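Before any comments, here is the structure.
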Amino acid sequence: MNLRKNVIRSVLRGARPLFASRRLGIAGRRVLLATLTAGARAPKGTRFQRVSIAGVPVQRVQPPHAATSGTLIYLHGGAYALGSARGYRGLAAQLAAAAGMTALVPDYTRAPHAHYPVALEEMAAVYTRLLDDGLDPKTTVIAGDSAGGGLTLALAMALRDRGIQAPAALGLICPWADLAVDIEATRPALRDPLILPSMCTEWAPRYVGSSDPRLPGISPVYGDMSGLPPIVMQTAGDDPICVDADKIETACAASKTSIEHRRFAGMWHDFHLQVSLLPEARDAIADLGARLRGHLHQSQGQPRGVVK
């Protein structure tokens with residue numbers, strides 16, 4: 001294990017008591033997460049514009065020299081309660097640059113001010129409005145990390161069930177997709193330096209509210225995976241949430257839905273946020289971007305390059 005990776009792991013472990021402490025409050029932990037996400041710096045020359053789509057604030061992210069080959073709709077993480085579009089726009093910019101796309105990062109309403117299904121319905125409204133305004137779904141991908149990864153999968157299921165044109169592909173980074181195990185406090189502990197199962201147990205009820213946590217809109221691992229766009233998924237071996245990805249992969253195999261799953265051994269939840277510091281994170285973002293871009297070519301009927 002290299003020195004830089006060791007240092008980052010130690011920093012995250014040092015921050016864990018603050019994230020786990022309810023005494024800090026939601027506002028305090030939002031500030032703490034914003035400090036960590038700031039480590040994902042956008043490529044130099046990236047342009048940002050704040051817009052509104054279907055009444056939802058959105059960060060429009062244009063990486064430098066990015067080809068206008070497609071649109072990345074990026075749903076940020078943060079346990080449905082802590083993250084923000086501004087805080088995650090650096091990560092979205094890195095992925096957009098790797099994929100050669102422009103990114104849109106919606107600021108969905110967070111828990112506990114809004115429970116399920118508010119965020120899901122807002123994202124469905126944003127996507128539908130974009131289609132109405134001329135967005136081509138064949139050159140569009142939806143991606144997200146952690147809670148945003150679960151929301152990405154739930155959104156794709158909702159679009160399918162409503163007969164709305166699907167995007168070309170989905171990108172899932174360490175998806176939090178089974179909140180039922182957290183309501184029941186049965187998530188296993190692994191070696192993640194930051195994430196503890198007890199944190200998931202705290203945050204899941206804030207989003208679930210009085211709903212059934214096994215609803216596919218909340219925990220898409222319990223939903224029907226058939227008829228979904230191709231999925232590109234990346235996970236971390238030390239992340240206790242990685243078991244959700246295993247359930248997704250198993251369900252996709254059963255329904256014959258295309259899925260590419262790459263697990264990074266010895267890495268932690270959302271290590272992609274250290275893209276400006278860690279070679280492993282840069283490799284992950286470059287690989288995810290290339291694979292998502294490849295699905296655009298495939299959906300347009302163009303020859304698809306081999307992605308290794």
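Residue numbering: from 1, along the chain as shown.
Placed from the backbone N, Cα and C atoms, the Cβ positions cover glycine too.
If you look up Swiss-Prot, you'll see Ser146, Asp239, His269 marked as active site, on the strength of similarity to another entry. Here Swiss-Prot flags 1-40 as signal peptide, drawing on sequence analysis.
Separation of the C-alpha atoms of Ser146 (active site) and Asp239 (active site): 11 Å, rounded to the nearest whole number. Around His269 (active site), the C-beta neighbours below 8 angstroms that are at least 6 residues distant in the chain are Ser146, Cys174, Asp192, Leu194, Ile195, Ala236, Asp238, Asp239, Pro240, Ile241. Its Cβ placed at the centre, Asp239 (active site) has 25 other Cβ atoms within 10 Å.
In the three-state DSSP scheme, His269 (active site) is classed as coil. The Cβ neighbour count for Ser146 (active site), using a 10 Å radius over every protein chain in view, is 29.
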